[in-house]
């Protein structure tokens with residue numbers, strides 16, 4: 001089998017001066033790029049130059065870039081500051097909500113706080129205390145078991161803090177939970193994707209949710225209808241209030257002026273109802289603004305018109321009530337799919353009726369590999385439990401020595417990978433609990449978490465070594481993965497060629513092993529207590545309603561001898 005290119009440069013015989021020249025060139029290009037970014041930042045927000053000296057660019061994400069800077073204090077010494085530059089296209093309400101999360105919940109209990117904030121036009125820079133930290137991947141296999149306990153304990157302290165304020169972080173992962181191993185300091189950072197619970201104490205998060213709901217409604221304003229002529233687009237039906245609201249253009253109608261005689265509300269509403277063409281209906285009563293009829297003819301026609309309009313109003317009210325009832329029935333059908341369903345429910349096909357429905361809108365923000373089952377299945381009611389699932393995935397990586405543990409290209413593949421560990425039947429039952437129907441072509445049994453983690457960490461000498469990937473990268477037990485979706489198998493095989501694999505070597509048989517200079521710390525790993533896997537099981541509970549909370553996790557027996 002052809003050897004991955006990531007490992008071809010590890011052998012001394014293959015090295016040549018061109019490799020070193022290429023590395024130097026890439027390094028110079030990177031440094032020049034960082035220098036250019038710093039110059040552009042100082043130009044965009046010139047007041048930064050008066051306060052900070054920007055040293056380096058230490059991070060970059062989809063919505064922001066982070067720089068290391070120093071501030072000259074009055075006492076004479078320098079203080080390191082992390083400057084987070086938000087992309088100019090960020091919504092002002094989203095920026096304000098992130099700032100409020102940092103000021104209200106931050107600054108204690110391992111949650112990053114806020115020092116300053118600068119703005120120039122559409123550029124916003126948040127200044128926060130700088131915490132020097134290690135890369136999670138670099139220290140993963142050198143952490144002692146006690147360090148893992150401390151890491152998880154402090155993560156739950158931070159999550160308990162933000163959950164008390166009704167903040168759902170949505171992006172809990174190792175790179176957002178900074179860890180200084182030497183100082184034993186921790187910090188939960190990046191509230192750019194944060195959302196509020198229904199009773200959140202962060203007022204601006206309520207507005208962020210309402211803004212998101214309005215955007216979702218506007219995206220669903222036009223939905224497809226499948227018929228014999230193909231896919232058509234039509235506007236969503238108006239609500240009852242919208243249908244009953246008089247339009248200002250009606251006031252220009254002569255018909256209204258002609259009918260309107262008194263000041264009572266009834267005749268006014270009759271007059272408004274005459275000009276029905278405003279609501280998209282044909283009107284056969286439009287006539288010239290100059291009338292040549294006698295008063296008697298006018299009176300007779302008026303009485304007839306009033307009778308006709310009264311009947312129309314009664315019909316309209318019936319139609320409105322019918323539409324309202326249909327709307328309620330649609331909502332009921334959506335919430336109770338087992339009662340009101342179509343022919344394709346519970347099968348592996350999708351009918352034209354389902355294809356014509358609006359796409360279900362639900363928050364999906366987060367990092368692939370750390371998103372909970374309810375996020376992957378677009379459950380609209382998402383709570384702080386999604387953060388606890390992400391914490392469980394981190395704990396799974398720490399216990400197994402594999403990172404990232406899950407790595408999928410799409411939501412269905414990610415769900416299939418979760419089934420590989422937690423079981424297909426259990427996943428289906430949990431999905432049913434929060435109103436989702438999940439189908440799996442083959443039944444995949446749930447794995448024993450202790451056996452899985454020990455096998456992946458290499459503590460079980462009776463289990464053959466895995467050829468799928470090195471320690472530090474996600475891999476699955478071949479016996480379990482053979483029952484999964486072919487997408488999951490394809491993703492699993494691709495992980496062996498990840499760039500991070502260059503930290504490990506492969507022997508002649510094709511198996512991965514630690515390099516000799518790897519400082520693996522085996523302290524405590526030979527006797528991991530059952531409480532660790534019990535906590536892991538509760539964190540990876542597929543049902544968000546019964547998943548353990550951060551407050552309950554801190555009281556778990558796994559942390560019984562740690563101070564609160």
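Using the three backbone atoms N, Cα and C, a Cβ is placed for every residue, glycine included.
According to Swiss-Prot:
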ACT_SITE  171  active site, proton acceptor
BINDING   58, 59, 60, 61, 62, 63, 64, 65, 66, 84  ATP binding site
CROSSLNK  260  SUMO2 cross-link
DOMAIN    52-564  domain 'Protein kinase'
MOD_RES   21  phosphoserine
REGION    460-506  region 'Disordered'
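Distribution of Swiss-Prot features across the structure.
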residue	record	Cβ contacts under 8 Å, 6 or more apart
21	phosphoserine	none
58	ATP binding site	66, 67, 68, 82
60	ATP binding site	66
62	ATP binding site	none
64	ATP binding site	84, 85, 86, 87, 190, 192
171	active site, proton acceptor	190, 192, 193, 365, 366, 367, 370, 390
Original post:
Should residue 62 (ATP binding site) be counted as helix, strand, or coil on the basis of DSSP?
Top reply: coil
Subject >> Rounded mean pLDDT for the residues that make up the domain 'Protein kinase' (52-564) >> reply: 75
Original post:
Among 58, 59, 60, 61, 62, 63, 64, 65, 66, 84, listed as contacts of ATP, what is the widest Cα spread in Å, to the nearest whole number?
Top reply: 15
Original post:
Three-state secondary structure of the residue listed as 'active site, proton acceptor' from DSSP?
Top reply: coil
Subject >> Packing count at residue 66 (ATP binding site) (other Cβ atoms within 10 Å of its Cβ) >> reply: 19
